[in-house]
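Straight from TrEMBL, the features:
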TRANSMEM  B:44-65  transmembrane segment
DOMAIN    B:45-159  domain 'Ferric oxidoreductase'
TRANSMEM  B:77-94  transmembrane segment
TRANSMEM  B:114-130  transmembrane segment
TRANSMEM  B:151-168  transmembrane segment
TRANSMEM  B:174-190  transmembrane segment
Amino acid sequence: VPKAKRPRGPYDTDEAPTPYEDATTYNNFYEFGLDKGDPAENAHTLKPRPWTVVIDGEVARPQRVDLDTMQSWFPLEDRVYRMRCVEAWSMVIPWLGFPLAGLLRRVEPTSKAKYVAFTTLKDPAQMPGQRAHTLDWPYVEGLRLDEALHPLTMLAVGMYGKVLPNQNGAPLRLVVPWKYGFKGIKSIVRISLTEKEPPTTWNLANGREYGFFANVNPEVAHPRWSQATERRIGELRRRPTLPFNGYADQVASLYTGMDLRKYY
Amino acid sequence: MASPPLPWLKPAFLVGGLSPLALMLLDFARGSLGANPIERVLNQTGMLALIVLVASLACTPLKLVTGWTWPPRVRKLLGLLGFGYALLHFLVYVGLDQGLRVGALLEDITKRPFITVGFLALVLLVPLAVTSTQGMVRRLGFPRWQRLHRLAYVAVSLGVVHFVWRVKQDVTEPLVYGGVLALLFALRLAEAVRKRRARAALSAT
């Protein structure tokens with residue numbers, strides 16, 4: 001259902017969104033297979049409702065919360081973000097969700113909380129790709145607390161004005177638009193605040209190629225390909241990749257004084 | 001034993017070998033190559049190159065094992081077809097994927113082992129394609145020609161390494177090709193040893 005044009009928000013890009021068909025049939029979600037067409041084909045086995053999320057660790061108010069309840073706490077926002085995959089392709093996706101910061105403040109992080117760890121559902125019956133040992137299941141990801149509290153960081157429950165399709169990480173996924181797509185953990189069942197840097201799946205699988213930070217950086221090549229350019233899905237020619245995926249004005253200050261070649 | 005002439009043999013392999021390319025062109029024309037058609041074509045031409053080249057290397061071992069005489073008759077055709085797919089793979093990478101940006105290309109070839117080995121595999125196939133004619137076999141002399149064409153095993157092995165390094169996590173598929181290649185090589189090696197022993201036995205008498 002096409003929605004009425006809304007005013008562009010402070011975090012929106014005015015670039016043309018990627019066709020819905022492409023954004024929902026071409027992505028990585030190894031829980032449903034290794035090919036980029038596999039998630040769309042296989043994710044029907046995932047049951048996104050009812051869905052419970054555990055929030056625990058270094059918080060004053062740890063809790064298990066039903067997703068519908070969690071969603072009712074926050075007004076849903078549309079955000080049109082660029083999405084840059086570490087494989088050097090990119091999309092523009094209108095997400096529907098709420099800032100992660102709101103949720104974190106609600107559960108009151110303690111003074112020890114320095115990081116946020118996320119966990120995907122582990123259930124081979126719903127996620128047949130988990131029967132193969134391609135990665136250590138469940139998928140885990142993490143952010144530094146200041147990254148998690150940044151207003152750009154959101155939890156999405158929908159895209160293109162619709163409920164999030166299973167293959168795109170239903171019913172709840174992370175969106176961090178200045179980082180490579182693999183940071184955007186899907187089908188989240190647990191959010192833990194921690195004192196120490198949490199392990200992250202791709203870093204465990206291949207630390208030389210995938211760092212904890214994974215900020216989009218055209219100057220730090222992946223060992224097997226350059227990150228200087230990218231192919232926007234739907235375009236023939238490559239375009240230059242922008243530092244922090246074009247969000248440098250908003251987020252570069254988070255990394256002042258850090259060697260981004262070392263902390264890639 | 002003389003084999004039947006099988007006049008349809010080479011045309012059948014040629015048509016069969018080119019049909020994936022025809023399907024790809026058809027998909028391209030219909031816009032049904034998915035969200036990232038360049039990546040799709042790049043992956044498919046690479047896979048085809050590897051499959052057809054392994055098939056060409058299987059011809060002689062197949063004859064040794066089964067006694068069939070027809071496989072060696074399509075060996076050259078398969079070798080050239082595999083080279084054609086490898087060249088197409090490279091041209092898609094250079095022209096469509098990298099958009100003819102020479103700097104990016106040189107950086108890839110010199111700095112990224114994954115690209116370096118793939119490029120080297122293609123380069124090694126060039127002299128084999130050039131010397132694939134009967135005239136060249138005569139000009140080089142058969143023993144020298146044969147030694148040169150052992151490079152095919154090196155080239156295809158590099159192709160397998162290129163594939164292993166391309167894969168992000170699950171290397172099962174490239175290792176299957178590596179396994180088949182190792183088996184073929186073992187069969188050739190066993191045959192060479194057998195021939196040498198036979199010659200030694202002959203000269204000892």
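Glycine is treated like the rest: Cβ placed from N, Cα and C.
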In contact by Cβ distance (the transmembrane segment (B:151-168), the transmembrane segment (B:44-65); 3 or more pairs under 8 Å): yes
For the transmembrane segment (B:77-94), sequence-distant contacts whose Cβ falls under 8 Å of one of its Cβ atoms, 6 or more beyond its ends: 10, 13-14, 17-18, 21, 38, 41-42, 45-46, 48-53, 55-56, 59, 100, 105, 118-119, 121-122, 125-126, 128-129, 132, 152, 159
Per-state residue totals over the domain 'Ferric oxidoreductase' (B:45-159) - DSSP helix, strand, coil: 101 helix, 0 strand, 14 coil
